[in-house]
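**Student:** Can you keep this structure in mind? I'll have questions shortly.
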Amino acid sequence: MAGLNDVPFIKGLAVPSVCALIIFLGYASQFLFNYSTTLEPGPPTRRETIIFNGLLLVLWITYYRTVATDPGRYIFKDRVIEAEGQRWCNKCAAPKPPRAHHCRHCARCVPRMDHHCPWTRNCVSMTTFPHFLRFLIYTNMSLWMLGYFLWQRFSKIWEHRRLPAYLGPSFYGLICLSLISIVNFVTTVALGIMLINTVKSWVFNQTMIEGWEQERHEALMDKGPKEWWDIMGPDGEKVRFERLEFPYDIGFFSNMAQAMGTHNVLLWFFPFAGNPTVAKDGNGQGWTWEENGFNRIEGLWPPPDPDKLRRAARGWPAGNRNYAEELRQANMSSSEYKAGFLKRQADDEKRKRHLMAELEEVDDFDMYDDEEYDRELDQGLGWVNSDGDRLRDYGVDEEASEPEGVNDDDDDDDDDDVPLAELIRRRKILKKDGLDD
């Protein structure tokens, strides 16, 4: 499901496709039941029709609210250049509160991001989760009722299976009934699984992303220190790895009430009920989250990612740029720049020929293990869980995140690793703030 977010064709047709599916299963089926004179036991009763269409109406309302509700955004009162001791988003150039992740589709940090749903073209987040849950509940109820109608008609066909064919349903009526049944069965199974996973997330107060993080953390702890013994932090000290408990499971009822934004159980399933919103003052709902106190201190989640820490230790490639040389080239004339480019190109060709000559001297060069290469390439894309999902598959922009401590300004020499454009941006902000004062 998550990979569908990257298919442009599906992204554009996702919502219209869902609407077409609702129309086909909800209304084409009723047309068949009411106007096919050969299908027993005949049209649904008045009571059944009212209940079924009532469920369809609620389904439309909850789906619209799931699609149209803003997934939430963080608004900072003051301009922030750096945030010591907090997670930092490189794309938003702002601190990243707990449980927030930068969605590569919504292009923002989303509060309590669960995943980016391709069928709603929206993030399932702190603000949209109640509508998403209600949509799944009423959709499954509608599918179950439609399944009951279909079972009634197929049971009659089976009951009269020994009668002559002309006494049974028409050929086209049987084809339509079978097609609706197949689509209904597939949709019921898919959305039933989705409902189970969503209710599990609701009860345990754990998003899909946090479940992925916990599975990765447990796998890392099971492997032992051999997986992280070589990892050093930005301060040159070894990073401390310890087994962490998921901190946001604060109790059955509290988990559910927090996700729905109210302790009133009746409003949890009311289609017109509201949703939680992000506090405007930079503190409170959406900014801070209650923890269960099972870990030695608060704020340890998410657990450190060894892969990100290793990448941070290697440094950003732009940090190795020769800014003095770039400034010198900026003052060159077009002819001088072209001559320099041609010289570098010739040097590259010379190095390439030298490398190929060395490779030709290796006797077993053609015996390179392609499968091993594929495994290394796959591992380079990041850790995958038991379902084969990476963090990117949930819509998270991993490039927007940095390991904790990467942005700490413990030493004046840290500016040497900051890109030139970032230093210029900070200087402009400081100058502007000075003029405002």
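For all residues, glycine too, the Cβ spot is worked out from N, Cα and C.
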**Student:** In terms of membrane topology from Swiss-Prot, Met113 and His160: same side, yes or no?
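**Tutor:** Each on a different face of the membrane, per the record.
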**Student:** For the topological domain 'Lumenal' (34-48), what are the DSSP-based totals of helix, strand and coil residues?
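**Tutor:** Helix (H, G, I), strand (E, B), coil: 5 helix, 0 strand, 10 coil.
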**Student:** DSSP helix, strand and coil counts for the domain 'DHHC' (87-137)?
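**Tutor:** Helix, strand and coil residues of the domain 'DHHC' (87-137) number 9 helix, 18 strand, 24 coil.
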